[in-house]
Amino acid sequence: MDQTPTSPDPETVERAELEAEQQHVDRVYDRVAEAARSASRIAVEGHQRAQAQNVGRVREEEQTGLYERDVLVFAAARRIAELDAEHEGLVFGRLDSDGGDDRPAAERAGDLDKLYVGRIGVRDAEYEPLVIDWRAPAAEPFYRATSTDRLGVVRRRVLRNKGARIIGIEDDLLAPERAPEDLPVMGEGALMASLSRARGHTMRDIVATIQAEQDKAIRAPARGVTVIGGGPGTGKTVVALHRAAYLLYSDRRRFERGGVLVVGPSAAFMAYIERVLPSLGENTVSLRAVGELVDGVRATAIDEADVAAIKGSLRMRGVLSRAARDRVPGAPTSLRVFVGGATVELDANQLDNVRRNALRRTPRNRAAAEARKGLVAALWSRFPEDLRNGVYGDRESFGDAVTDLPAYRSFFAAWWPVLTAQAVLRWLGDPRRLTRWARHDLTTAEIETLAAGIAGTDELTVADVALLDELTTLLGRPPVVEAGKDEEFDWLEGLSDGVNEVLTTSERRARAAAAADADEPEEYAHVLVDEAQDLSPMQWRMVTRRGPQASWTIVGDPAQSSWPDPDEARTAMETMLSHLQRHTFRLSTNYRNSAEIYAFAGEVIRQQIPDADLPDAVRRTGVKPELRVFDAGKVAEAAGDAAGELLELVEGTVGVIVPPKLRPGVDAVLAELDNPRIAALTPLESKGLEYDAVVVVEPDRIVSDTLGGVRALYVVLTRATQRMITINSSTHWLPPHGSDGGP
Ligand SMILES: Nc1ncnc2c1ncn2[C@@H]1O[C@H](COP(=O)(O)OP(=O)(O)OP(=O)(O)O)[C@@H](O)[C@H]1O
């Protein structure tokens, strides 16, 4: 029979390649399982023996032995337990390299070197690497190699997995002329495959497809301030999170002990990104929304735009400082005691002098002893001289007698209570008092607006949190009193009524929560601020208090700022961090939006900021955004219809972004659709998030009702990966010239 050799069909090649890769991956998982068993056996045995013999040194030696023998695989076992086995495969990449040998493949002896890249490093029993950690220097070519600068790489392979199973292969041939003839090359490119996939409700890591310019920002040294800029969808957030994981890898001792803090704009955003670091095997990073930075406080409410602008302004510093030093509202305005046969009295002015003197160098909650001394001195100076020698030889025994009097104790409780930041913030709701503190810093109209904003609700807003933090610093933390230990603060014992008077129930709850949180470090070794363009100057002050010694990563895009005066916010940031060295990175490709959607959004922002940093969107879908016009009364219903249509057209999520005032109507319509793939949100809530399809409700209202105006609309118009429909009752927001991608 005649047998001509034929090349095997692609399916057969694919099956064989998948099988071969699976075998290697199975070896890695087996090794990790084996290591986990032996590591925990050694740990348990060592611990038991140490306990039985009660010899600390033996135990220490056991642990040292464990460390030396198995630290890599043990760490791997610990970390793999933290990975989400459903989705995240341990091994996701492979490099085939020729070590930079430039001779054609046929002239070169030996196979290409292969190196597997994964979420963590694992070695075999002989200590040979089965897979290296993506953060190791040896993994750099996996991210940095390009066809013009291939770093010795011939083929880069991305393994798509579901748990421990390899389900797909995407290859990138960087040097075809160096590849052996039978080297299989499969798939259409990992990046495009990854970008086209449907989105879920949480962000996924990009560890298998990090691009070269992103990799540089991720691996930048942890010195000073690393600023990562770039337009919408360029991967700033996801890059920053990978950078946190990289810093932990590169200097685990420093960053795990000192702590890494990630600050983002909202609780919804934190929930969106919370899976990324665990999927990289890191669970020690603190994620906090800017409304949650003060222990025990979880603010999500947003102020009206004009109130938020005042609360965030640096001018609030002076206002708060004056409030924190002023009389306590409702406190007694005179002190009268009967002592040593005489009545002695201090009037309001005299009390004010004592207060000012006590606060000269010490914050209020730490100045009770100073205040007490001042009161005693003032009373003593008014105590009749002819009685002094007869009754009290000196001021000290006079003071002891006075401060023992019930009248004095109840006066002091009301005059110098421990003040919470929340209580002082509430005082700002009284326009008369606020005028006294703010007339040099705010206009009359601003004072009215702020007082009404504070008095109008009991709920703390996100902008209030920075004010609370400022006040906490101004007031000082009350000294911790252990009963009977600290004579100086004995006065606190008699004050519990006074303290309770200024604490509301929610404040007490907040205090309890703060105490429960007390273990968490308040200061961090590295602070990473996402959506940094949105931090108000007062928020910058709060954030920088979390890292007086820290290195920083700051991520943002001024064109997306929701702060009315982005320059003021930028100046505040620069002032706070000006002493640190700065490295800047710019990301240039928009990976989120289709080119059609981004061309349109770019046109909208260009009319407001002609020099905005606009990235290139690389993925075309052939579908332009769609504009629909209705009567104002029909908008909610139309939004529901559009969301219903989009559910049919995309596989993943549908976001309906609606100005806060129109939200109830739209919520009611969406409730009828009752579909977990749909989420309704306000423009500010949509910051940093993304959906496969987006319905934008009333763009003109978004511009007029949201802090940031057109910049807020630009954020909204850049949330969709595939499809976007705008529902309008007016179209003033439309760019005058239209655009290629326009509706
Ligand atoms: N190298 C990459 N490989 C795969 N996906 C990527 C890559 N880089 C970014 N992405 C994806 O692009 C989307 C946008 O990323 P991200 O949210 O980090 O951008 P951003 O710059 O923070 O956006 P914005 O400023 O608009 O909030 C995400 O879905 C992210 O996973």
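Placement of Cβ uses the backbone N, Cα and C atoms for every residue, glycine included.
Please treat TrEMBL annotations as automatic predictions, because they have not gone through curation.
The ATP binding site annotation in TrEMBL covers Gly230, Gly231, Pro232, Gly233, Thr234, Gly235, Lys236, Thr237. As annotated by TrEMBL, compositional bias 'Basic and acidic residues' applies to 12-22. Feature annotation from TrEMBL assigns domain 'UvrD-like helicase ATP-binding' to 209-594. Summarising the annotation, TrEMBL assigns region 'Disordered' to 1-22.
Long-range neighbours of the compositional bias 'Basic and acidic residues' (12-22) within the same chain, counting only residues 6 or more positions beyond its ends whose Cβ lies under 8 Å from a Cβ of the stretch, are 94, 159, 165-167, 169, 184, 186. Within 8 Å of the centroid of the Cβ atoms of Gly230, Gly231, Pro232, Gly233, Thr234, Gly235, Lys236, Thr237, where the record puts ATP, the same chain has further Cβ atoms from Asp557, Leu587, Asn590, Tyr591, Arg592, Pro615. Its own atom aside, the Cβ of Gly233 (ATP binding site) has 25 Cβ atoms within 10 angstroms in the protein chains shown.
Within the same chain, residues at least 6 positions away in sequence whose Cβ sits under 8 Å from that of Gly235 (ATP binding site) are Ile206, Gln211, Gln214, Leu587, Thr589, Tyr591.
A Cβ distance below 6 Å to any atom of ligand 1 is met, among the binding-site residues Gly231, Gly235, Lys236, by Gly235, Lys236. Residues belonging to the domain 'UvrD-like helicase ATP-binding' (209-594) score a mean pLDDT of 86 in the model. The DSSP breakdown of the compositional bias 'Basic and acidic residues' (12-22) into helical (H, G, I), extended (E, B) and coil residues amounts to 11 helix, 0 strand, 0 coil. The Cβ of Thr234 (ATP binding site) lies under 8 Å from the Cβ of Leu587, Ser588, Thr589, Asn590, Tyr591, Pro615, each of which sits 6+ residues away along the same chain. Long-range Cβ neighbours of Thr237 (ATP binding site) (same chain, at least 6 residues apart, Cβ-Cβ under 8 Å): Met203, Gly264, Ile273, Asp530, Glu531, Val555, Gly688. Of the listed binding-site residues Gly230, Gly231, Pro232, the Cβ environment within 10 Å is emptiest of other Cβ atoms at Gly230. Taking the Cβ of Lys236 (ATP binding site) as reference, residues of its chain lying under 8 Å away and at least six apart in sequence are, in sequence order, Ile228, Gly229, Gly230, Asp530, Val555, Gly556, Asp557, Leu587.
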